[in-house]
Amino acid sequence: MKAQPKASHFIGGAFVEDKTGKPSPVIYPATGEEIARLYSATPDVIEAAYAAALKAQGEWAALKPVERGRILRRTADILREKNKKLSKLETLDTGKALQETLVADAASAADALEFFGGIISGFNGEFVELGGSFAYTRREALGICVGIGAWNYPIQIAAWKSAPALAMGNAFIFKPSENTPLSALALAEAYKEAGLPDGLFNVVQGFGDVGAALVNHRLTAKVSLTGSVPTGKRIMAQAGEHLKHVTMELGGKSPIIVFDDADIESAIGGAMLGNFYSTGQVCSNGTRVFVHKNLRERFVERLVERTRKIRIGDPLDEATQMGPLVNRAQRDKVLSYIEKGKAEGATLACGGGVPKLQGFDKGYFIEPTIFTDVTDDMTIAREEIFGPVMSVLEFSDEDEVIARANDTEFGLAAGVFTADIARGHRVIGQIKAGTCWINAYNLTPVEVPFGGYKQSGIGRENGIAALAHYSQIKTVYVEMGKVDSPY
């Protein structure tokens, strides 16, 4: 099975190859086989990307916003037309089940392009009356923006970052994760087909050194990263040396709080979505599931029953509900956390091992795992695992669970399940997290901002807020009378 692209990079509207760069094999996580081989960007490739972006950006920013938006909306249409093909590519790249990629990856990318393409013409500055004279503000492009992607939602992340940047009149250079480099190239082709001028969306492949080169480049005006907290800290420090704009969408250890009046099936469904979707490789996952003591026994019994029915197997089979983790290193990391959970006294209620799957013995599969009797100080309740490992914790009252939910360095997301809507609002109002749900979990419509508090990030993806993060404000004062000067 092969998925070799035409070349490693996409620059100035064309595929570009330079095999003097470091080789980067692309592995299909379900089988461990190499499906493509790309090459890391050399300094010449990086400079070519900046030259193309610089040449194109000024003319693009000068277009009417509605004209820029029209191209983004055409790109959205192209992604939807090619959704099946793109979803299969994303499954090969990430190992995620096709059942998921058909609805959550290229589809979400299309939603972002459609949203920002439609809203940009109404994103304007302010007018302030000053007693005859007046002032107004203009929202202007930053210039060349850089996006650095993660491996869990490659095409979605590429679009979530590039759509508002391009809508605002910027040029964009995107570096996908070296683990999942393929679908960003497909997005570049879709932009080209839709009529995006050459040089405005460029893709360069590579490892951390390429990311650092982009962050530190003199022409980079802004950096947007989706990744881990340690990576975010490094990139923010580098960007800070040059006072570059940054958006950071980082990790989490988010709480889901289930009160005893909650609809138990909905709460369990939300907890499963918040732990097992994308094989647990979702930054906003609610991996600390706090269940009221009156509901805990029934909740766990039914949760385990439903979890054991999850179908693990061939990701390209649409009946499969869970695929493998992205690579062997990630599986080894998750398995080590499972061992820590057992060693620290948590009860393994379900899963915890590597399933035996005919024809996929070299894949990076792992069973959906549930721990009970988890305490707040255990490693599995403190650190981001990024795999299908759920910790169930018991609580007895509202104030207690709010304090425990907030006792973390992270603040990306949170969820509350309750029949008392007033309590839902009251609790969410006290949770220190940037993206919250009441009686739902992990739904991320592009119309609203997504991002975190504390060490989970800075800035926001999506919603009108994202446009603000890809623009700068110019204030213009207009004097309608004579200048009053004491000199």
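The first residue you see is number 1, and the count goes up from there.
From the backbone N, Cα and C atoms, a Cβ is placed for every residue, glycine too.
Noted in Swiss-Prot for the protein shown:
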type: ACT_SITE; residues: Lys161; note: active site, charge relay system
type: ACT_SITE; residues: Glu249; note: active site, proton acceptor
type: ACT_SITE; residues: Cys283; note: active site, nucleophile
type: ACT_SITE; residues: Glu461; note: active site, charge relay system
type: BINDING; residues: Ile27, Asp93; note: K(+) 1 binding site
type: BINDING; residues: Gly149, Ala150, Trp151, Lys175, Pro176, Ser177, Glu178, Ser228, Val229, Pro230, Thr231, Gly251, Cys283, Glu384; note: NAD(+) binding site
type: BINDING; residues: Leu243, Lys454, Gly457; note: K(+) 2 binding site
type: MOD_RES; residues: Cys283; note: cysteine sulfenic acid (-SOH)
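Features per Swiss-Prot, on structure.
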residue : record                           : contacts (Cβ under 8 Å, 6+ apart)
Ile27   : K(+) 1 binding site              : Glu33, Glu34, Ile35, Asn327
Asp93   : K(+) 1 binding site              : Ala3, Val26, Pro154, Thr180, Pro181, Leu182, Ser183
Gly149  : NAD(+) binding site              : Ile157, Ala158, Lys161, Phe174, Lys175, Pro176, Ser177, Thr180, Ala184, Thr226
Glu178  : NAD(+) binding site              : Ser24, Ser40, Gln205, Gly206, Phe207
Thr231  : NAD(+) binding site              : Gly208, Leu225, Leu250
Leu243  : K(+) 2 binding site              : none
Cys283  : active site, nucleophile         : Ala150, Asn152, Thr226, Glu249, Leu250, Gly251, Gly252, Phe386, Leu412, Ser456
Lys454  : K(+) 2 binding site              : Thr408, Glu409, Phe410, Gly411, Lys432
Glu461  : active site, charge relay system : Trp160, Lys161, Ser224, Thr247, Glu249, Pro449, Phe450, Gly451
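Cβ neighbours of Trp151 (NAD(+) binding site) (same chain, under 8 Å, six or more residues apart in sequence): Thr94, Ser177, Asn179, Thr180, Gln281, Val326.
On a Cα basis, Gly457 (K(+) 2 binding site) lies 8 Å away from Val229 (NAD(+) binding site). In this entry, Gly149, Ala150, Trp151, Lys175, Pro176, Ser177, Glu178, Ser228, Val229, Pro230, Thr231, Gly251, Cys283, Glu384 make up the residues listed for NAD(+), with the farthest two CA atoms of the set 24 Å from each other. Neighbour counts of Cβ atoms within 10 Å were compared across the recorded positions Pro176, Val229, Glu249; the minimum falls on Val229.
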